[in-house]
């Protein structure tokens, strides 16, 4: 009984073994049928020896059973060769090699790598010795083979690396081998359709019929099995293609595909098959279809309504913009008149007290900066209710008292001292400070005639030095520096504040206008009552008044000037070009020779209200006049003006230059660009200037902004007339032909 059971178990095991062997052999036969050798593959007689010795491998996954560490050194393999196959209409390769006798007894298996230029398509085979489990020296001539590497491209280069294991050597120690797969014709045959995927039609004709395109092409051979053709078309400047599917006509060798309602233009047309392998492309220009109604009548019917509509639209736009501008400016004018009337009423009801303000500024930053200063002073006086002291408005007072006396008195009387800091002010103040010329002796002395233009233009440097000294004194005694203020406009920077004035509070205008206004009206004055504050003082509404609007335009013009000319200060510092000197030739037959003319500056007591001096010469054809000016007698002051001197302008034709007439300018005309706007008449000066500063008022009120240059106010720096003496060295001059000096008062 027990024997029969053992016999049954033996038969069952035998059946299972036979079934497993049959299935394995069937799988191997299937792989053999799937990947077949072609002509040109490499063979070797060593395969028979390998089968006799019974060398078989167990194939495993590379990523699972990989232990790279070993204790012995195994040398690289020898005699690497390749066999080319075809698997599923693709190229395949089998790798062959021989083990090296050095370290062959330690080999447990091999790893075979195959990769192309793309590292992501790397293939690997892990071969473990199955029978025998260990090699010896007699296996050195046995050729070993890998499984086929399939899914390879035709005529492509690959790299193969064979690494025996286990070993302590890295994979890079074993040198690679290179191979190139065979072509499709060699592996599959020249008649195989896989080797000819790029069939192109011999004919691709395009014609236009109305607004349709007719595309005609021939069919591919029936062996390709194309069931449908794809026609892609698009305008050349468009992005993606549009698709038209065309079924081949069974009755003929050609097929016509119609593209309906195409717009005029140049089209790119491409024919493809259903596998997207067959392509042929062409271009065709679709012309405009002319209808019977096309022509001049159609053009006029389209153009005339468009022109009429455009004209109405333009007229409507212009009228709307004009109306909008009128509303804006009328609103501004109403607010301006209300503000002016309110300020006038406040001044009439409570004319005193008004904070006295002294403004120190740089007179060397150009005419546009001077326009900003005058507008700012007028704004403080008109809108902010302050009494402003500005040298441009008090030329007569300066002539009477002298520059230093007037400067000291105005600084002492002022409740607030405002320094308008700019790029030029910092440059000249710190330049004078570095040179050490701003000494107390130079500050306290009266300017002489030889200082003329430089001392007059550098008055702000002396004023800055005095303000700096007073600021230091107040800072040492107490911390209340509210009397001193350093302001700068948006075309300047905080770094433009000189170091000597850094202790004073700083304000950026017009961003910090409310803080400045509060500072001007918050100081507790020694007077009984104070003037009410104008409401709603801010950066957004200060230009509602005339003075604020003038200040806004002046700041805008200066800001535009700084933006367009970043090196504007360097241009202002450049010396003016020398005028061309023209000498009057001396006539030999003249009876009168005027050798020299000396200009004598009178004292303050000898200063009648003289406006100009005129030198009149008789115009006789027989008498010639030679005029020579002594540069040593005139000195540097003869070419400029001073607080106590004036100079007549004598032209080469012998006539005196008339005084430059002040120019008046408009206020915010809606038809004038913003860059050409000007300051309005500054008629809101304080009452103390009405009786003795009428001339200064006219000068300040006629100062233009924008692109206009202000009038030369330096011509008013005069309180003393000039006495001209002529030495006559000829005795035959008739009394009626003498020199006539006329002084106009």
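Cβ coordinates are placed from backbone N, Cα and C, and glycine is handled just like the others.
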To which residue among 65, 170 does Swiss-Prot attach the annotation N-linked glycosylation site?
170
Which residue range, 257-277, 278-298, 299-319, 320-340, is the one Swiss-Prot calls transmembrane segment?
299-319
Consider the glycosylation sites 79, 136, 170, 205 and say which one has the Cα lying nearest the Cα of residue 61 (N-linked glycosylation site).
170
Spatial separation of residue 136 (N-linked glycosylation site) from residue 79 (N-linked glycosylation site) - C-alpha basis, Å:
18
Using Cβ atoms only, which residues of the same chain lie under 8 Å from residue 205 (N-linked glycosylation site) while being at least 6 residues apart in sequence?
215, 216, 217
Give me the count of other Cβ atoms within 10 A of the Cβ belonging to residue 61 (N-linked glycosylation site).
10
For residue 170 (N-linked glycosylation site), what is the tally of other C-beta atoms lying within 10 angstroms of its C-beta?
9
Could you tell me the mean pLDDT over the topological domain 'Extracellular' (27-298), as a whole number?
79
Measuring Cα to Cα, how many Å separate residue 136 (N-linked glycosylation site) from residue 170 (N-linked glycosylation site)?
23
